[in-house]
Amino acid sequence: MSVWNAVHLSRRFAALPQAFYTPVHPQPLQNVRWGMWNSRLAQQFGLPEAPNDELLLSLSGQQLPADFSPVAMKYAGHQFGVYNPDLGDGRGLLLAEMATKQGEVFDIHLKGAGLTPYSRMGDGRAVLRSSLREYLCSEAMAGLGIATTRALALMSSETPVYREREERGALLVRLAHTHVRFGHFEHFFYTDQHANLKLLADKVIEWHFPDCVQTSKPYAAWFSQVVERTALMIAQWQAYGFNHGVMNTDNMSILGETFDYGPFAFLDDYDPNFICNHSDYQGRYAFDQQPRIGLWNLSALAHALSPLIDKDDLEAALGSYSERLNLHFSRLMRAKLGLATQQEGDGELFADFFALLANNHTDYTRFLRELSCLDRQGNEAVIDLVLDREAAKTWLTRYLERAARELGQEGRPISTRERCQAMRQVNPKYILRNYLAQQAIEFAERGDFEEMQRLATVLASPYAEHPEFERYAKLPPEWGKKLEISCSS
């Protein structure tokens with residue numbers, strides 16, 4: 001019996017008019033083999049715990065199940081602030097939709113499937129290096145609790161693919177609640193296809209925002225929720241030190257899920273001006289610019305939705321973005337510092353925290369984790385991370401005095417142990433540092449995916465101690481801090 005018999009598949013996007021996509025059959029790679037199979041994720045859909053030959057043939061595009069209808073989506077987008085009408089799935093195909101056992105629907109998307117009408121000058125392929133990075137980062141983000149697409153499988157091959165050098169071709173099976181991007185709406189707006197613009201909005205609301213249907217202004221209510229989800233996502237990026245790198249509108253999910261992992265990086269040393277994409281010469285997508293770019297992208301989406309939503313409603317939603325993001329960011333940072341209440345002087349304490357880390361090139365994740373462990377170690381473990389020890393002592397003294405004013409149930413002070421236990425649930429011990437990904441890539445390019453599997457296991461539960469994997473918590477070596485990541489993938 002086919003493994004797909006136990007899975008509920010649908011083709012709702014492929015049922016839309018062909019103005020939305022082009023049907024394309026995947027072009028198989030040579031000698032495809034398994035690299036990674038996300039067993040825990042697979043079982044949520046009724047798929048086998050262990051991968052098999054049928055799954056390999058199905059998901060690599062060699063023998064598609066009858067309920068798969070592969071299509072390349074058409075969209076547009078603003079890339080580095082410049083509108084590009086000629087975008088679309090240039091190497092990825094939406095195969096079908098698949099429901100979990102609880103009825104939650106996800107797209108099945110095959111990245112690296114070959115040429116499509118939207119490939120432009122590309123070859124339609126994905127390389128193992130970038131596919132491995134996307135697999136690991138999407139699962140790391142899920143482990144952190146940040147809204148994201150997911151990775152179901154990674155397959156390698158013997159097909160040569162040429163970027164800066166010859167690399168192995170690969171396939172990534174990506175799952176997402178939707179692959180509809182801001183750029184889908186821009187495409188229909190700028191080509192005056194207002195009927196299709198409305199149809200897409202109607203379907204997105206029906207599928208993903210059903211609570212908006214009964215409101216007096218469904219489209220305005222929906223856009224307000226898109227603003228809210230985007231603000232939350234970017235607040236999470238800032239709180240966890242994640243730099244996306246390519247925040248073009250065609251890389252923005254309409255659901256506020258982190259989408260299209262390219263030259264991303266998590267901060268090592270805290271640097272608000274950090275630029276992870278070495279092709280971003282002007283720093284448009286630098287770490288500290290992400291909140292501003294989120295609003296810019298939402299404004300571009302608002303313009304595309306202007307045939308459906310009154311100007312006043314669009315402006316009201318956009319006007320709420322900064323406050324929403326700041327509220328989410330403040331909540332997240334309070335949790336990371338173990339401060340449940342808002343008290344006088346907190347603004348200065350937070351500002352001085354970020355300044356201390358930036359001025360001393362202190363590792364962001366490590367500092368917060370050590371701060372979360374003061375119930376079982378002395379203050380020196382935190383102070384030792386900072387070059388200016390006196391500045392660190394001064395800030396830490398202020399912080400501990402402030403933390404001591406937190407009250408729990410029945411008005412009693414919260415103990416150091418209670419505070420630190422809560423902080424360890426939101427301050428990860430493990431993140432996907434670029435040097436760790438690079439080491440996994442080097443093993444995988446030799447056909448060894450065990451290092452990647454170990455790393456994926458740790459990143460799935462990054463708040464746990466994992467004493468057997470302590471090496472993955474190490475700070476990067478000097479070469480690891482200087483890795484340059486490009487958009488080539």
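Placement of Cβ uses the backbone N, Cα and C atoms for every residue, glycine included.
Per Swiss-Prot, the features are:
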BINDING   Gly88, Gly90, Arg91, Lys111, Asp123, Gly124, Arg174, Arg181, Asp260  ATP binding site
ACT_SITE  Asp250  active site, proton acceptor
BINDING   Asn251, Asp260  Mg(2+) binding site
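Under DSSP, Arg174 (ATP binding site) is assigned to a strand (E or B) in the three-state scheme. Each of the recorded positions Asp123, Asp250, Asp260 was scored by the number of other CB atoms within 10 A of its CB, and the lowest score belongs to Asp123.
Comparing the binding-site residues Arg91, Arg174 on other C-beta atoms within 10 angstroms of each C-beta gives the minimum for Arg91. Long-range C-beta contacts of Gly88 (ATP binding site), restricted to its own chain and to partners at least six residues apart, with a cutoff below 8 Å, comprise Thr22, Ala72, Met73, Lys74, Tyr75, Thr116, Pro117, Tyr118. On a Cα basis, the residue listed as 'active site, proton acceptor' lies 19 Å away from Asp123 (ATP binding site). Candidates Arg91, Arg174, Asp260 (binding-site residues) were compared with Asn251 (Mg(2+) binding site); those inside 10 Å Cα-Cα are Asp260. On a Cα basis, Asp260 (ATP binding site) lies 9 Å away from Asp250 (active site, proton acceptor). Asn251 (Mg(2+) binding site) is surrounded by 21 other CB atoms, counting those within 10 A of its CB over all protein chains shown. Arg91 (ATP binding site) carries neither a helix nor a strand DSSP state and counts as coil.
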